[in-house]
Amino acid sequence: MRNLKLLKSLRSSELRGPGSPQFLSVRADTGSLLVVSQYAVTEYDPRTGQAVSEASLTAEGFLPEDGGGVVVGLQDLAELESACLATAGGDVVLFNLNTCQLECVGSVDSGLTSMSWSPDEELVILTTGQETIIMMTKEFEPITEVGIHQDDFGEGKFITVGWGKKETQFHGSEGKQAAVQPAAGWDDRRPRVTWRGDGQLFAVSAVCPQTGARKVRVWNREGVLQATSEPVDGLEEPLSWKLVLQCVAVNSLLNRVDAPSAVQLWTVGNHHWYLKQSLDFGGDRQAAPVCVCWDPERPLRLHLARRDWTCITHDWGWTTERSPGQDAADNANVAVIDGDKILVTTFRQGVVPPPMCSFELQLKSPVNQVTFLCRPQGTNQLAAFTADGRISVYRQSGTCFLCCSCLRSEIEVDGVVVSVVHCSQTGTVALQLEDGQIRRVLWDCPDPSVEVWRDSTGCNINFPVPCVQTSLCSVGGEEYLLGLTDRSHLYAGDTELASSVSSFAVCNDFLLITTHSHTCRCLQLSALSVKGLQAALASDGGQNDETQRRVERGSRIVTAVPGDTRVILQMPRGNLETVNHRALLLAQLRKWLDSLKFREAFECMRKLRINLNLIYDHNPKVFLENIETFITQMNSIDHINLFLTELKEEDTTCSMYPRPEGSPIQLQPVSGQKKVDVVCDALRSTMETMDPNKFCLSILTAHVKKTEPELEVALQKVHELRAPGAVSAEEALKFLLFLVNVNDLYEHSLGTYDFDLVLMVAEKSQKDPKEYLPFLNMLKSLEPNYQRFTIDKHLKRYRKALLHLSKCGPEHFPEALRLVREQKLYSEALRLFAANDAQYKALSCAYAEHLVEQQQAEQAGLLLWRCGEFVGALQAFAGSSSWRNAICVAQQIPLPPDQLALLARDLAGNQKLTEQRRYSEAALLLDQYAKDCEEAILALITGAVWEEALRLVSEQDITETNLKPALFDAVSSHTVFLEAQVATFARHRARLAVVREQKEKARLDMLDEDGPDCPDAELYSEASSVMTGSKYSHSNSRISSRSSKNRRKAERKKLSLKEGSPMEERALMYALGEIVTTVDKMRVHNLLKALVLFQLDRQAEKLQQTFEEALQTTEAALPEVWPDGIQNNNAPLTGPNSTANSITASFQQQQQKPAASQQGPVFNHHLKAPVCNV
């Protein structure tokens, strides 16, 4: 639905020559024109009006001097820097454009009738006076010569399947003679040759000698006939190949009358030929064009040469003429020129596929230009410029257009104007000149004038290159002129916004564009600056980017309906498609929701499949404050139910429909509550207030759609439906069955204990009465509490079942106890019985048994102790090593002294106290309750509790037999352990120095070999992955799922002290850290005091010295083992010399640093010897 618009027209009348032009060609490299007449060939530059070169054809004898010669073909050959021309006398001549020399490269005695070069200029076809075809190479070497008229159809001959011959078929009312009428009398009977765009086939149109009518034959590059056309009535000489549809387009007219000279430009779409431009030259024979050709470089540049040697160049551009309105008063009109008719389609009312239309305006002469009025409230008026120079204005009145007036107006502009655009909102008029300059027209002045277009800073703004389509818009509050070039570049003034743009349109506050990557982008202009617009068009967009959508290949924008969400696209084949762009759609929905037009928004969202959660998510506070307005506007139970059923917890403004940048974030009005529950409760309460009978089904839906469906409440409301005018209970129940599974509804109805409701639900379900009637009859025969217990147990509501069963009397307690054991409802059961009841005691004992099974014996003992089961409590406390509670219970029983002493001895020695290394507590039991002081002292000696052992020794002297030997053993074990740790520390320290020396040497060697810029040198730096604790990359789901303790254990397993292992340095550092930590944690202070007390000075001195040497050795090695670069590095390691592994390991080390004191050795200790000098 595009029209051809004249962008620029260049007329040059300086060239004069003998005779009149016969052929016209364009040099692709220079743009100059090659004109040949019956006397000479001339190269002419229309921009300067000067002849570049010229050669006489009569002087060389190629044409007669009397002016009767005829040139049958002219072709520019860029590779040869020559022009090739053929004369009717049979000569083929090369005109050298550099030397202006003529050279005859061949001659045909019978003469030539036409010449045609292939698109790649590799082959030339000549038709001779003997009606033959000569095919030659570009070096003019003959390839083949065949006759034009062939009896054979060609290689593409159809296969006959026995359905009769063509001659026996029906030929219409005119009979068989209609197919063999000869060519018209004005036909020049000369052959015409045309090539397919890829140069693989060419077609020849010639008059058949037998029938006198023209036939078209198709040949390949080898000169082999491929196909022959059927006889066509009225076939004329013009011939051209259309590559897009791969068919031959010919001019077929039944009648031809003499008419004033004119050039017409036609285009085809949807199998309909449109006359887009008509250039009328009047009856002046000298002004009539004699040569017409298209520019080989500019597809829409047309060159004409008149008989008086005047050359005219027209530049055309495709444009879509759409009404520029911005509100609902505009009908979204699009006007299409079709000869002397204007086809107007109003897309607001509907989409009419071309070539049909909504209105058809018939004018008296062909239309060359059409445009719409830019005045607000008048955008449905259009003006048409016809071939006779008149401008007619039409306005729409109802269902027709009326001619208002014919006018002519002008204003002087310094330059050639190629486009005019007007903004109806601001009243700005902008002009574009042929070189891309932009001018502003001042119409509101007494004397209209034109000034240079300037931006807000006062700088002149011009397009870098001329644009074929322009439009005014406001970007970020500043007015810009947008322009699209024929090379698909989109500009905002002198700033390029995007490339690969096939079409664009401005609709309200949005810029719509289609691209050659088959996308349609829609951007809000007021929210973006020019740079932001550039960035947005350059980005590919995310998954939920509302500004972009895919479209069919080759789609172009026809128009966008103002105040609506529809965008009309036209496909390459001509058909129309309507899309609702997500950005336009969401912007319109947000506008409706902000103005509380819930019904319009709902209808649009339902039609275009937009999630209805957006109605609430757009502004939750406003929605909840205007729920009554929402319900009133909906005024439909079905619509409200549809809204409720689509509710979900997801915030669609954060996922499906992100808010535009800069828009405020709307917070949930009720914190801590779920969105679905908030909306359902608010709607339900409002509907109950307005009209509970009318909105009965919606109220039920609100109960059912909550996150925890209130089916019992909904069923109870169904059961209570008795009001006149309300929905019947049967209808409401059917509705509930539509929302909820029938089995779930039956179970919940059973949970209401209302058998009438249960029967009503069961009857509406598809259940067999034999399935539920016996069960219901059995329930009716039971006592009420036991009946409810049976129902709750059937529904697996065990807590409710236990509550009802507890009210059934003591005779049902065994069943209650069994239920408690099966479902582990001990805590709930204890709350249902008094503490002094026998049932409470039985439940406590059962609970205690369960706790013992769960390895919670101490809690079981407390429970038994509370209910008076002292023996069971004593056993539970004894099993859990809770000796204090066990002694208390034993004293309450009370146990005899001998049994109490046996219990104490058992708790101290045979149970877990000594196994748990709780020697002080074991000694207390043995001393105070078992009355065995010697065993208590032995327990203290075993636990190295020297001070407490000395306290008890004063009462009984066993120093020589037990205490001193234990002191000697402790000194010996401590000394041996410390010496072993020091030796191991020294060995690891020496090996660490060797490893680091080897690594440094390897790093220096690599630097010497590859230079300081070696990319691998950083692997050997102090910040390498090995030094910073980097780990080999691995993927182990088992390790990742372990606890932190097990993960640390798995990491330690990777550290190998084997010489040469990849992580040997880390393993050595870890081992040294373990030794430092172990030595630091040793406690020898009490042992030294005990040695001094018993005058064992030599042993004390040796232990003191050994311990001090160990501390000094480890403390002295700290700076060497953990240098400052590692020990004091508190920041993550980054920088140009870091590796990916080193940076990752450094950040992991920082994250694990708070737990370092618990999970590994501490490297920066402040170690001191114990304060004990001998």
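Glycine is treated like the rest: Cβ placed from N, Cα and C.
Feature list (source: TrEMBL):
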DOMAIN    1-242  domain 'ELP1 first N-terminal beta-propeller'
DOMAIN    260-297  domain 'ELP1 first N-terminal beta-propeller'
DOMAIN    336-395  domain 'ELP1 N-terminal second beta-propeller'
DOMAIN    410-558  domain 'ELP1 N-terminal second beta-propeller'
DOMAIN    582-779  domain 'ELP1 alpha-solenoid'
DOMAIN    786-951  domain 'ELP1 TPR'
DOMAIN    957-1121  domain 'ELP1 three-helical bundle'
REGION    1025-1059  region 'Disordered'
COMPBIAS  1030-1043  compositional bias 'Low complexity'
COMPBIAS  1127-1144  compositional bias 'Polar residues'
REGION    1127-1162  region 'Disordered'
COMPBIAS  1145-1159  compositional bias 'Low complexity'
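Residue counts of the domain 'ELP1 N-terminal second beta-propeller' (410-558) by helix, strand and coil are 9 helix, 70 strand, 70 coil (DSSP-based). Taking the domain 'ELP1 alpha-solenoid' (582-779) as a whole, pLDDT averages 84 in the prediction.
Through the fold, the domain 'ELP1 first N-terminal beta-propeller' (260-297) approaches residues 1, 3-4, 6, 20-26, 28, 31, 35, 303-308, 310, 312-314, 316, 336-339, 353-355, 365-366, 368, 387-388, 573-575 of its own chain, all at least 6 residues removed from its boundaries and within a Cβ separation under 8 Å. For the domain 'ELP1 N-terminal second beta-propeller' (336-395), the partner stretch with the highest count of Cβ pairs under 8 angstroms, out of 1-242, 410-558, 582-779, is 1-242. When the domain 'ELP1 first N-terminal beta-propeller' (260-297) is classified with DSSP, helix, strand and coil residues number 0 helix, 23 strand, 15 coil. With helix defined as DSSP H, G or I and strand as E or B, the domain 'ELP1 N-terminal second beta-propeller' (336-395) counts 0 helix, 29 strand, 31 coil.
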